[in-house]
Amino acid sequence: MAEGGALKGHMARALRQVRRYLEAVDAVVEVADARAPFTSRSPQLAALMEGRLHLLVLSRGDLADPATTRAWVDWFSSQGIEPYVGEGPGDARLVSRLRRRLARAPAAFKPRVLVAGLPNVGKSTLLNSLAGRRRARVGAQPGVTRGKQWVDLGSFWLMDTPGVLPPHLGGTRRLVLGALGLVGPELAGPEEIAAFLLKRLGGAPAFRQALGRWGVEGPRLPAGVPGQEPLGPGQGGEPPGAAHGPGPGQPAAGRPPAGGGAAGADGRALAQVVLEQVARQRGLLGPGGQPDIHRAAAVLVAAFRAGELGRFSLEHPRMLAGPGQGA
Ligand SMILES: Nc1nc2c(ncn2[C@@H]2O[C@H](COP(=O)(O)OP(=O)(O)OP(=O)(O)O)[C@@H](O)[C@H]2O)c(=O)[nH]1
């Protein structure tokens with residue numbers, strides 16, 4: 001497919017560029033999305049680190065489920081990666097913790113630092129916050145990537161351009177990244193993402209309540225079945241709602257939901273019913289008063305991305321197939 005070929009070419013170029021940047025740095029601050037810290041990382045980066053200091057920032061922590069984020073921080077720490085959580089664009093606490101960590105180097109050594117991550121994950125926001133007012137004080141440092149600008153932050157150099165890492169799009173990864181807005185609609189459209197969100201989060205009582213506030217009442221959304229879709233090379237994922245155990249009105253995990261539940265059945269049909277209600281409640285009607293499913297899906301996805309439905313994570317470390325995955 002021509003489009004797929006172009007995308008592959010684009011990703012290969014991005015990776016080549018990051019490799020060049022890596023030759024010039026001693027430390028990488030990798031940015032991933034706190035709502036899916038496994039899938040929003042580049043699978044290639046770990047292999048390229050080669051002894052460089054590797055710090056991980058989980059951006060958009062303000063939009064993720066806090067308990068799930070704490071579980072991810074513990075999991076990454078157990079894998080030898082230091083995670084820092086950003087609680088909003090320009091989080092001052094995150095920035096000062098990172099600056100302190102990067103400054104902790106031998107006196108004679110001034111590390112050169114690259115911020116890297118998937119497209120739209122929050123790299124520039126972090127770069128700007130780290131550089132702060134010193135952004136104006138940039139200069140080309142001799143002996144490193146020609147033409148690259150560096151910000152002198154006293155105890156370390158910051159490359160003034162972020163490294164863009166290519167995503168892994170296999171299996172449901174494409175939909176996870178689409179839900180987070182890290183890949184464009186040409187790779188994951190709103191209706192597909194909405195169906196995915198309803199399937200993955202439908203078992204979480206807080207998500208159902210949020211939809212209830214939108215006037216969406218049924219049918220019964222699927223409850224999670226632990227281990228059903230493990231994260232890893234095959235990439236699936238249990239709904240995080242299931243990780244916290246069944247809530248009020250939610251069937252015990254492993255049992256099919258009562259009352260016309262849709263777990264394992266036709267997720268798209270379920271999404272259609274939910275999106276019709278969203279469309280009617282929001283007055284998103286097409287010719288002849290028909291509910292406009294496409295616009296309803298776009299509204300639902302946008303609300304999820306902006307955190308208007310609440311703080312939800314799409315992945316939990318319990319979904320990992322085994323120790324060592326994804327480090
Ligand atoms: N809620 C929230 N939004 C964030 C956070 N960090 C970044 N954003 C928002 O995410 C969006 C994308 O951020 P950018 O910094 O432009 O992302 P990027 O990775 O540089 O994007 P590209 O240049 O497209 O690769 C912006 O609207 C930011 O305001 C965060 O911690 N919380």
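Glycine is treated like the rest: Cβ placed from N, Cα and C.
Pulled from TrEMBL, these are the features on record:
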- 112-166: domain 'G' (DOMAIN)
- Asn120, Val121, Gly122, Lys123, Ser124, Thr125, Gly163: GTP binding site (BINDING)
- 218-265: region 'Disordered' (REGION)
- 233-247: compositional bias 'Gly residues' (COMPBIAS)
Legend entry - Sorted by sequence, non-Asn120, Val121, Gly122, Lys123, Ser124, Thr125, Gly163 residues with Cβ within 8 Å of centre, GTP: Val31, Ser59, Val115, Gly117, Leu118, Pro119, Leu126, Leu127, Pro162
Legend entry - Listed in sequence order, residues with CB under 8 A of Lys123 (GTP binding site) and six or more positions away: Val31, Val115, Ala116, Gly117, Pro162, Gly163, Val164
Inset, instruction - Could you check the binding-site residues Asn120, Thr125 and say which one's CB has the fewest neighbouring CB atoms inside 10 Å? - result: Asn120
Legend entry - Integer average pLDDT (0 to 100) for the domain 'G' (112-166): 80
Legend entry - Among Val121, Thr125, Gly163, the binding-site residues whose C-beta sits under 6 Å from ligand 1: Val121, Thr125
Inset, instruction - Specify the secondary structure state of Asn120 (GTP binding site) as given by DSSP, simplified to three classes. - result: coil
Inset, instruction - Give me the largest Cα to Cα distance among Asn120, Val121, Gly122, Lys123, Ser124, Thr125, Gly163, the residues the record lists as binding GTP, in Å as a whole number. - result: 13
Inset, instruction - May I ask you to report the DSSP-based helix, strand or coil state of Thr125 (GTP binding site)? - result: helix
Inset, instruction - Can you check which residues sit near Gly122 (GTP binding site), meaning Cβ under 8 Å from its Cβ, same chain, 6 or more apart in sequence, and list them in order? - result: Val31, Asp33, Val57, Ser59, Arg60, Gly86, Pro89
